[in-house]
Amino acid sequence: MAMTNGTTSPNSTDNCMLPYENDRLPLLVVYSIVFIVGLPANMVTVYLTFLQVCRKNVLGIYLLSLSVCDLMYLGTLPLWTIYISWNHTWELGSLACKVTGYIFFNNMYISIFLLCCVSVDRYVAVVYPMESRVLRKMKRAVIVTAVIVAVVALGHMPVFTMTEGDTEARQEKRCFEPGQNTLTVTGFNYARFVIGFFIPLCILLVTNHAVLIKVEESEGLRSEQKIKVRYLAVAVILFFLVCFTPYHVILLLRAISYHFPSWGCEFDSTVYTPYTISLGLSTINSAMNPVLYVLASDNVRKDIRRSLTSLLSGSLFRTHLSDRNHSLRNSSGARS
């Protein structure tokens, strides 16, 4: 990314011939599949996680926020698809380019931090079951989610000052293509790699490993329950690595390239196609979140079966009211 301020590195892509055609087909395929799968999956997930929130399920706060975040990003995929199909030419104006880019980068890092919240919440519930009654509170989950959204949103405000979003200021209307590697952008990319990728990866590894150890030591769980927890933990790490590692590794390489001006256009041309495809891979996360975290829950699977049955019988609304009244009666009984 290029910004309007900072010291510019000689290895700038402004005068480089980048292979824009190479990524067209794979990106169009990835974006189309993610949109077709992710849109209905996240819409269903929003409803199901809303039911969990109504039942005072702390995990539901993070999952609902994650699904809403994914839906916002999925709404921008048609615009990116048009951009790619028009040979990386943005005809919708600079403001639309900046807003779309802002939503994309916010979604990526809000999703990453919310995934960490989900893993930490599971870790506390499994490893510290007694203390979790005090630590896992609805209000606390709402505050944590709000802080994450606010910090990430403020952190990406510089998107609106980046020259790569000014599509009308250049002859070639590119929208957030790799541009001048400035000192400011280099520092920004280092921060994104460490804070937005490396630290969250460590959190996921530590918490899921601790959950696995605790579950394996438990004598009260059946073997099939342990297998499900094991597969879910492995799937979480695997999909995180697949979706976010390629992009952040290339991001780190681009930051390092600032210190080696001799790499020049050859480096930029070499990493361009892997860079754009890695961006496409990061979108797969939006389609996989519902599968990993919602369908793995016994309560949510029961909600799916009840919802399908209710839809067939035309009583979906009555079922929701019944569930909510049942939850209120239970909470009233617990207080008395």
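Every residue, even glycine, has its Cβ placed from backbone N, Cα and C.
Whatever TrEMBL says is automated annotation, not expert-curated.
According to TrEMBL, the protein has these features:
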- 28-50: transmembrane segment (TRANSMEM)
- 41-293: domain 'G-protein coupled receptors family 1 profile' (DOMAIN)
- 62-83: transmembrane segment (TRANSMEM)
- 103-120: transmembrane segment (TRANSMEM)
- 141-160: transmembrane segment (TRANSMEM)
- 190-211: transmembrane segment (TRANSMEM)
- 231-256: transmembrane segment (TRANSMEM)
- 276-296: transmembrane segment (TRANSMEM)
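For the transmembrane segment (276-296), same-chain residues at least 6 beyond its ends with a Cβ under 8 Å from one of its own Cβ atoms are 23, 26-27, 30-31, 33-34, 37-38, 41-42, 44-45, 48-49, 63, 66-67, 70, 73-74, 77, 107-108, 111, 115, 118, 228, 232, 235-236, 239-240, 242-244, 246-247, 249-250, 304. In this chain, the transmembrane segment (190-211) lies close to the transmembrane segment (103-120): three or more C-beta pairs between them fall below 8 angstroms, excluding pairs fewer than 6 positions apart. Stretch with the most C-beta contacts under 8 angstroms to the transmembrane segment (141-160), considering only 28-50, 103-120, 231-256: 103-120. Same-chain neighbours of the transmembrane segment (28-50): 60, 63-64, 67-68, 70-71, 74, 77-78, 80-81, 84-85, 277, 280-281, 283-284, 286-287, 289-291, 294, 300, 303-304, 307, counting only residues six or more beyond its ends whose CB sits under 8 Å from a CB of the stretch. Residues 108, 112, 115, 119, 178, 181, 186, 189-190, 192-193, 196-198, 200-201, 204-205, 208-209, 211-212, 271, 274-275, 277-279, 281-282, 284-285, 288, 292, 296 of the same chain lie 6+ residues outside the transmembrane segment (231-256) yet bring a C-beta within less than 8 angstroms of a C-beta in it.
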